[in-house]
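Quick notes on the structure that follows.
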Amino acid sequence: MINLRKTHPLMKIINNSFIDLPAPSNITSWWNFGSLLGICLIIQILTGLFLAMHYTSDTMTAFSSVTHICRDVNYGWLIRYLHANGASMFFICLFLHVGRGLYYGSYMFLETWNIGVLLLFAVMATAFMGYVLPWGQMSFWGATVITNLLSAIPYIGSDLVQWIWGGFSVDKATLTRFFAFHFILPFIIAALAGVHLLFLHETGSNNPIGISSDADKIPFHPYYTIKDILGMLLLILILMTLVLFSPDLLGDPDNYTPANPLNTPPHIKPEWYFLFAYAILRSIPNKLGGVLALIMSILILAIIPLLHTSKQRSLTFRPISQCLFWILVADLVTLTWIGGQPVEHPFIIIGQLASILYFFLILILMPITSLLENNLLKW
């Protein structure tokens, strides 16, 4: 009998991607986050679709429509908080996925890595626009502050800002277009994720020791399907705990106040997952310089393959580089904390030092340390 799974044009693609895919036998739980990101994206698209059925993208009714979803729609509160906290889980998985890539040298798969960086930008853009939709105080002022950063671009800056706003301030036109973009982007992300996977399967997965695993492969199913299901259950457990016990833990209380252009909140800050980049932006006194540093803080990921000077791919057997990697992680946690603090002493200087350390570690210290470790191999 012909095995339909291996011959049917559609099922063949699924089979070669998720069933008969040869996978390294030693990949750890750090390799689970790709599938978890897929689950997060599905959760976000489904909950977002149901929210869009009841949401109105008009400045007069947006805030009320979100309240209506929470109070009057069947399980509307659940859908809304799953969507809001699902975004946080998405970013936790994203940061861990990128961190895994940095630690184990997965960035040496250039196409996969660069599409991943593109995906990160797309997810960040989607999350930013989604935060504007409830039309609370932080939505309005966050949109105003972040879009205003484009005015730092010489010559065309102010025209560009007004073009994005669709007027002379963040208003009805801005909200409507942000809703449209927020709706379409997840589908673009899904398509990009497919391309990301396509390029990954051209080379096969990396593994913790960073050497070729061609000599020792196992089928993806059942070994890694079971492993991914375990990760998925843990993800859903954490997400549901967050949603059912403290749904507003990661949100901002200011967003429960309807948007008011005449009243500025005491501290304008984005969602927690943008705070590290926001801290880098704020630590530079010059507007254009701050914007460039903000963009570079993420775009620096694209040049990491060029900074790889080590003879070994992963950090598994490089203790000095491991120390620097964990210092970088601690630095990012510090930046996240600083981003949520008011602009006053001592937070300003801590933010500036943490920002300098961030770029210094990635651009100078880590490549030099890799060269040092190459020499240590000769001893």
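Don't overthink the numbers, they just go from 1 along the chain as shown.
Every residue, even glycine, has its Cβ placed from backbone N, Cα and C.
Record features (Swiss-Prot):
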type     : residues      : note
TRANSMEM : 33-53         : transmembrane segment
TRANSMEM : 77-98         : transmembrane segment
BINDING  : HIS83, HIS182 : heme b b562 binding site
BINDING  : HIS97, HIS196 : heme b b566 binding site
TRANSMEM : 113-133       : transmembrane segment
TRANSMEM : 178-198       : transmembrane segment
BINDING  : HIS201        : ubiquinone binding site
TRANSMEM : 226-246       : transmembrane segment
TRANSMEM : 288-308       : transmembrane segment
TRANSMEM : 320-340       : transmembrane segment
TRANSMEM : 347-367       : transmembrane segment
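Counted within 10 Å of its Cβ, the other Cβ atoms near HIS97 (heme b b566 binding site) come to 20, all protein chains included. Between the transmembrane segment (320-340) and the transmembrane segment (288-308) there are fewer than 3 Cβ pairs closer than 8 Å, counting only residues 6 or more apart in sequence, so the two stretches are not in contact. Spatial neighbours are here defined as Cα atoms within 10 angstroms of one another, and by that definition HIS97 (heme b b566 binding site) has no neighbours among the binding-site residues HIS83, HIS182, HIS201. A contact between the transmembrane segment (113-133) and the transmembrane segment (33-53) is absent, since fewer than 3 of their C-beta pairs, 6 or more residues apart, lie under 8 Å. Put simply, HIS182 (heme b b562 binding site) is 29 Å from HIS201 (ubiquinone binding site) when counted between their Cα atoms. Using a Cβ-Cβ cut-off under 8 Å and counting only residues 6 or more beyond its ends in the same chain, the transmembrane segment (226-246) has close neighbours at 29, 32-33, 35-36, 39-40, 43, 78, 81-82, 85-86, 88-89, 93. Under the DSSP three-state reduction, HIS201 (ubiquinone binding site) is assigned to helix.
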